[in-house]
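If you look up Swiss-Prot, you'll see 25-45, 73-93, 97-117, 132-152, 167-187, 199-219, 236-256, 263-283, 288-308, 338-358 marked as transmembrane segment.
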Amino acid sequence: MLLLLAEYLQQFHTGFAVVQYLTLRGILGVLTALILALCLGPWMIRTLQIRQIGQAVRDDGPQSHLSKKGTPTMGGALILSAIAISTLLWADLSNRYVWTVLAVTLLFGAIGWVDDYRKVIEKNSRGLPSRWKYFWQSVFGLGAALFLYMTAQTPAETTLILPLIKTIEIPLGAAFIVLTYFVIVGSSNAVNLTDGLDGLAIMPTVMVGGALGIFCYLSGNVKFAEYLLIPSVAGAGELIVFCGALIGAGLGFLWFNTYPAQVFMGDVGALALGAALGTIAVIVRQEVVLFIMGGVFVMETLSVMIQVASFKLTGKRVFRMAPIHHHFELKGWPEPRVIVRFWIITVVLVLIGLATLKLR
């Protein structure tokens with residue numbers, strides 16, 4: 001929006017041309033979303049408290065969590081609002097990737113909002129029934145996959161790239177739709193499973209989102225892409241604005257979500273942010289790198305799958321409680337220790353993911 005205004009104002013002063021620079025708009029995206037989140041956060045928390053929109057706590061979970069009962073939830077709406085406003089202000093709104101990622105984010109956020117609403121407002125412990133949750137996730141995930149497949153301008157946009165073996169490219173054809181569906185929906189649910197402790201999900205999301213922003217910038221630049229042997233995706237660079245907004249909104253939310261949390265993001269935030277990461281990774285053809293950098297999300301998801309499978313097959317549990325962050329709590333780790341150690345793991349994994357740019 002402001003890019004169009006700057007282009008118009010260039011006829012009066014050439015200084016407005018600076019707004020065209022992607023890096024500047026990425027930084028402005030961070031700052032705008034951060035300021036919005038910090039300014040709107042206190043108002044949203046008060047509103048949630050007044051309306052008694054508070055978190056329910058499982059009785060069979062760690063005893064330390066009982067004090068969290070009633071903490072305002074659905075704070076993910078703050079994150080999504082800051083991301084959307086900042087992106088609409090600073091991104092090139094003629095870019096199809098910007099609209100794709102923004103649409104997927106908000107649509108998955110809508111699924112989470114309905115789930116949270118039923119749990120918190122209607123006091124329905126089931127929330128949105130799983131079959132309907134996965135149905136709408138599938139509808140929106142497949143919709144995004146079909147759109148990206150149908151609008152692909154080069155074979156590289158639907159080719160699977162393997163880090164460290166960049167000379168091997170696997171044309172996916174229609175299988176691209178299937179892979180994209182699983183990446184988006186899987187990433188959405190993985191982040192949601194991770195969102196169980198104060199700040200546990202949002203900081204890894206910010207770090208992975210920032211790293212994906214670097215991939216977007218490099219993939220959108222033909223020279224960088226050719227030099228690094230990564231797919232050149234015209235227009236992908238514009239997603240650095242969205243990634244910047246995600247970073248700013250995430251850090252602003254963390255201000256209130258850090259231990260002890262004043263607000264939780266709820267499904268409205270977790271499902272949306274996970275879907276956003278998955279969609280961006282698909283666009284820049286870095287699904288495998290997302291799997292690496294989002295290792296904490298993968299670990300949380302696998303712990304649930306292993307726990308369920310083990311209990312159904314043997315009647316025994318592998319972990320004291322799943323997702324795995326609760327296992328460590330029940331082992332006696334204080335909540336802040338679990339959180340920070342998972343953050344440290346993410347820092348290492350993100351650095352490994354970025355290192356694949358040069359390793360070949």
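Every residue gets a Cβ built from N, Cα and C, even glycine.
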Of the listed stretches 25-45, 73-93, 167-187, 199-219, 288-308, the one with the highest count of C-beta pairs below 8 angstroms to the transmembrane segment (132-152) is 167-187
Long-range neighbours of the transmembrane segment (263-283), counting only residues six or more past its ends (CB under 8 A)
41, 44-45, 48, 55, 71-80, 97, 100-101, 104-109, 111-113, 115-116, 120, 127, 137, 140-141, 144-145, 148, 157, 179-180, 183-192, 194-195, 201-202, 205, 208-209, 212, 216, 233, 236, 239, 242-243, 246, 250, 253, 256-257, 289-290, 294, 297
At a Cβ cut-off of 8 Å, and with pairs 6 or more apart in sequence only, do we get at least 3 pairs between the transmembrane segment (199-219) and the transmembrane segment (338-358), yes or no?
yes
